[in-house]
C-alpha cells in the first residue's frame with residue numbers, strides 16, 4: 001500500500017452484490033475484510049515470477065551480447081564493449097520514463113504489461129535478424145584465411161535493425177524496472193507493524209527471484225546461444241517475456257493497485273517556480289503558518305510530510321501571501337509543505353545516487369573485459385566447455401546462497417539488536433556494498449597479472465589458443481562483487497522506495513536504477529579516457545599485450561576515494577518524517593520516522 005490509496009475497483013463493485021439482504025452494516029464489515037485479503041505474499045508471488053522470467057531474458061544478453069557484437073556483427077573489441085555498455089546504460093536510464101508514466105498516467109500493473117510488450121517486440125526483432133543471414137554480415141570468425149576479403153562490417157541497415165531491437169528491449173525492461181519493484185512493495189503496508197518486516201523481506205526475495213532467473217539465463221540461455229545459435233537464444237528470451245506477461249496478469253485480482261497522483265516532475269517544478277516568485281517574502285517564525293492541506297480536504301490515507309530545516313529557500317513556495325490566501329488554484333504561486341518536502345527529498349537523494357555510480361562502473365568491467373579475459377583461458381570442466389559469458393553465474397551463486405541467509409538469519413538477529421525492521425539502515429547496507437566492490441577490483445588486478453604471466457611463461461602472448469589457466473580464477477573477483485551487489489542493489493531499491501513520497505514511488509525506484517545507468521555510461525568514458533591518457537592500456541585487440549591489470553587497480557583506488565565521498569553524503573542525509581492522518585473522527589495522528 002505504501003501510503004497510497006490502493007483500493008482496487010473489483011472490491012468496490014463486487015461487495016454490494018454479495019450482500020443484498022444484510023444491509024449497510026454487513027457491507028461495512030465485509031469490504032474491509034476483502035481488502036485485507038488483497039496484497040501480501042500471494043500477490044507478491046506473481047511479481048517475483050515476472051521478475052525472474054524478465055531477468056532470465058535480459059541478464060543472459062547483458063553478459064553475452066559483447067560476444068555477439070564481436071563474433072557475429074563484426075564489431076571491434078572496443079566497439080563491442082562500448083555498444084554493450086551504452087545499451088545497458090540506456091536500459092537502466094529509461095526507468096525514469098517508466099516511473100513518470102506509472103506515477104502520472106497508469107497504474108504500476110498496467111505499466112508493467114505495456115512495457116513488457118515492448119520488450120517482447122524487441123527480442124522478436126533480434127531473433128529474426130539472428131535467424132536470417134541476409135539481415136546480418138557474414139561472421140569473420142567463420143571465414144578461412146583466404147576468404148578474409150569477405151569479412152565486412154555490418155551495413156547501415158543491419159546496424160539499424162540491431163539497434164531497433166536492442167533499444168526496444170531497453171525501453172521495455174526500463175519500464176518494468178521502474179514499476180515492478182514498486183508494485184510488489186505496494187502489497188505491504190509500511191505503516192503496519194506486522195507488514196513492515198514483510199516489506200523489507202519482499203525486496204530480498206525480489207532480488208532472489210532476479211538471481212534465479214539470471215542463473216538460468218547465464219547458464220542455459222548463454223549455452224544455447226554459444227552452441228545452438230543466437231537465433232534460438234533470442235527465441236527463448238521472447239518466450240520468457242511472453243510468459244512473464246501471462247504471470248503478472250494472473251495476479252491482477254490480488255493486487256493493491258496505486259492511483260496515479262499526477263506528474264511528480266510538475267509538482268517539483270512548481271515548487272522551484274513558486275519559491276522564485278516568492279523570493280522576497282519572509283519565512284514566518286511559526287512554521288505552522290506555512291501552507292498545508294489536511295485530510296478533510298484531501299481524503300483518507302493521506303501522506304503529509306513534516307517540514308525539515310534543509311534547503312530553507314524552498315520553504316518560500318509555501319508562504320501564504322495575504323493576496324493569495326489559502327487558495328490552491330495558483331499552484332505555481334503557492335505550494336503545500338508536503339509538496340516542498342517532496343522536492344527536498346529528491347534533492348537529498350541526488351548525492352546518494354552520485355556516490356554509488358562508480359560501483360556500477362566497476363560492474364560494467366565484469367560484463368565486458370572480464371568476459372573477454374575468459375575467452376583466452378581454459379574453460380573446460382572435464383569434457384564440458386563452459387561459455388565465457390556464463391561466468392557471471394559465480395556471483396549469482398554466491399547471491400543465491402547469501403540472500404536467504406541474510407533475510408532469515410542476519411536480519412532477525414540485527415532487528416533484535418537495533419529495533420529496525422530491516423536489521424540495518426539502508427545506507428549502511430549500501431556502504432558495505434561499496435567497500436566490497438573496491439575489494440573486487442583490487443583482486444581482479446592481481447588475477448589479470450597472474451593470467452598475463454602465464455601467457456608469457458608459455459610463450460602464448462600472441463597465440464589464439466586458450467592458456468593453461470582455469471577460467472575459474474576469475475571467480476574470485478566475480479564472487480566478491482556478487483556479495484557487493486546483494487548489499488548495494490537492494491539497499492538502493494529499498495532506500496529510494498521508502499524515502500520517496502507517496503506520489504513518486506515508481507519514480508523513486510527508477511532513480512535507484514539511474515546509478516546503474518550512469519555507471520555504464522561512465523565506463524564508456526573511462527575506457528576511452530584511460531586509453532588516451534595512458535598511451536593505450538586497452539587499445540589493442542590482444543589482452544595479453546594490454547595493461548588491463550593496471551586499469552583494474554586504478555578502478556580500485558578510485559572506488560576507495562568514492563567510498564569516502566559516500567560516507568560524507570550518507571552522514572549529511574536527513575531521513576523524511578511522515579505524518580499520516582487516517583481517522584479524523586478520532587483525531588488519530590501517526591507520526592513515523594522512516
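Glycine is treated like the rest: Cβ placed from N, Cα and C.
Taken straight from TrEMBL:
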TRANSMEM  55-72  transmembrane segment
TRANSMEM  84-102  transmembrane segment
TRANSMEM  202-226  transmembrane segment
TRANSMEM  232-255  transmembrane segment
TRANSMEM  345-366  transmembrane segment
TRANSMEM  386-406  transmembrane segment
TRANSMEM  427-447  transmembrane segment
TRANSMEM  476-498  transmembrane segment
TRANSMEM  510-530  transmembrane segment
TRANSMEM  550-575  transmembrane segment
* Best-contacting stretch, by C-beta pairs under 8 Å, relative to the transmembrane segment (84-102) and drawn from 202-226, 345-366, 386-406, 510-530, 550-575 -> 510-530
* Asked: In the same chain, who gets a Cβ under 8 Å from the transmembrane segment (202-226) while lying at least 6 residues past its ends?
  -> 44, 47-49, 51-61, 63-64, 67-68, 181, 184-185, 187-188, 232-233, 236-237, 387, 389-393, 396-397, 399-400, 403-404, 406-407, 411, 486, 489-490, 493-494, 497
* **Recorded stretch, among 55-72, 345-366, 386-406, 476-498, 550-575, maximising Cβ pairs under 8 Å relative to the transmembrane segment (510-530)** => 345-366
* Asked: Restricting to the same chain and to residues at least six past its boundaries, which positions have a Cβ under 8 Å from a Cβ of the transmembrane segment (476-498)?
  -> 2, 181-182, 185, 190, 200, 203-204, 206-207, 349, 352, 356, 359, 362-363, 366, 370, 391-392, 394-399, 402-403, 406, 422, 426-427, 429-430, 432-437, 439-441, 443-444, 447, 505, 508-509, 511-512, 515, 594
* Structure fact -> Spatial neighbours of the transmembrane segment (427-447) not adjacent in sequence (6+ beyond its ends, CB under 8 Å) are 352, 355-356, 359, 362-363, 365-366, 370, 473-474, 476-478, 480-481, 483-492, 495, 549-550, 552-553, 555-556, 559-560, 562-563, 566-567, 570, 573
* Asked: Which sequence positions outside the transmembrane segment (55-72), separated from its termini by at least 6 residues, show Cβ-Cβ distances below 8 Å to it?
  -> 79-81, 83-84, 87-88, 91, 119, 123, 130, 136-137, 139, 141, 169, 173, 209-211, 213-214, 216-218, 221-222, 225-226, 230, 233, 236-238, 240-241, 367-368, 371-372, 375, 387-392
* For the transmembrane segment (386-406), find every same-chain residue at least 6 residues outside the stretch whose CB is under 8 Å from a CB in it, and list them. => 59, 63-64, 66-67, 204-205, 207-208, 211-212, 214-215, 218-219, 222-223, 225-227, 366-367, 370-372, 374-375, 379-380, 471-472, 474-475, 478-479, 481-483, 485-486
* Structure fact -> Per the Cβ under 8 Å criterion, with at least 6 residues separating them from its ends, the transmembrane segment (345-366) contacts 85, 88, 268, 305, 310-311, 392, 395, 427, 430, 433-434, 437-438, 440-441, 444, 477-478, 481, 484-485, 488, 492, 495-496, 499-501, 504, 508, 511-512, 514-520, 522-523, 526, 551-552, 555, 558-559, 562, 565-566, 569-570, 572-574, 576
